[in-house]
């Protein structure tokens, strides 16, 4: 009788809205991944080209990491669905990220071992550590994202968990740009060794900050259940083809992939755009992204206090898409003489990113519903699409940048009209347009989100 009552109380607590601390403990769990990812997408291509690699070789390094990440998400999702133990997977992935990331920006270790600094050897060396880093990153990401549906069955709390996670993504990005701004200001780079030293410091400090928050997550978050549904009954592991038969799976996958393409491609080319196209000061490659993430952080916090319905999820994504379309047009036509307007565009982009990311991730929770024993596969397969599409898109853009004569087209009014400008303006805006089309065809009638947090985060 006591055991039955304990189970009933456990199930009852599982369907109730979460409290503030539970949400916060979960939200900080992706900080190490987020701060290293921000450094990866914002500075990797710039770092590699600054130390002498060609744009195409730099793109190969990034593509190797994205491919490793993409395939790992599939296997990690299957293994987590099969064996559970989310926190163990999360801790193992975090350790691998912390160990390998410093080597991505810390100089070519294989080059030192072999005694060769040829471009081919550098490309191979950096690609190897990029792949190792992304394997750990993928394991951490899939375990953390798939925990949402196993922590609670309350739909509103699931959206709040996604929003809190996104808010701390902004904290991670802001932390990175604060560190980068300090490093770029106080450590002036003249030689290749100086450049490596700059990014090595950024990597070390980022790893330290991220590991502190991972520790808080592991201590504060309980290992979630993964074998029981809303009635407390045991569920069998869900086969892959179950999801492939759902139209909503393809719609959510496309929306998520487009959202990640927007955020990652824009993040990768933003630093190049403000320095090369708008011809702004070096500090702007940290300041402009920081403005974006300040705005995203504020909006993410506000979104946590809202009551959510399926129509509001779609409306939020639609609003973000429209804002990105307008921002993309502004990026395309902005002359270097009016570079100050980039700060206004940064505010709009920050709001748009928060709206699209929070609603896009929340749609994954709607897709999974109470089908908990296949949720890791869903998050893993969608992440696979994200990584592969981003890696290929960046590789194509960087390869074209190397050969295109557009990069040399500069004048006193527009500045440099490069592939960077077109990539930053057209690619996200085009993805936003496609996302709008998909979202209007999507049926989210399973969403019954109405209850807020027990304790609002801004109370």
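Cβ from N, Cα, C; glycine included.
Caution: TrEMBL annotation is automatic and unverified by curators.
The range from 1-19, 58-76 that TrEMBL describes as transmembrane segment is residues 58-76. Your range for transmembrane segment, going by TrEMBL and the list 123-147, 223-247, is 123-147.
Range with TrEMBL annotation transmembrane segment, chosen from 167-189, 374-396, is 167-189. Contact between the transmembrane segment (248-274) and the transmembrane segment (167-189) is absent: fewer than three CB pairs lie under 8 Å, with pairs separated by 6 or more positions in sequence.
Between the transmembrane segment (341-363) and the stretches 88-111, 123-147, 286-303, 315-334, it is 315-334 that has the most C-beta pairs under 8 angstroms.
Remote same-chain residues near the transmembrane segment (23-46) are listed as 55, 58-59, 61-62, 65, 90, 94, 97-98, 101, 104-105, 130, 133, 137, 140-141, 144, 147-148, 151, 157, 160-161, 164-165, 167-169, 171-173, 175-177, 180, 199, 202-203, 206-207, 209-211, 213-214, 216-218, 220-221, 264, 267-268, 270-272, 285, 289, 304, 394, 398, 453, 457 (criterion: CB distance under 8 Å, separation of at least six residues from the stretch ends). Below 8 angstroms of C-beta separation, residues 248, 251-252, 254-255, 258-259, 261-262, 265-266, 269-270, 273, 314, 317-318, 320-322, 324-325, 327-332, 356, 363, 393, 397, 406 of the same chain, each at least six residues beyond the ends of the transmembrane segment (422-442), sit close to that stretch.
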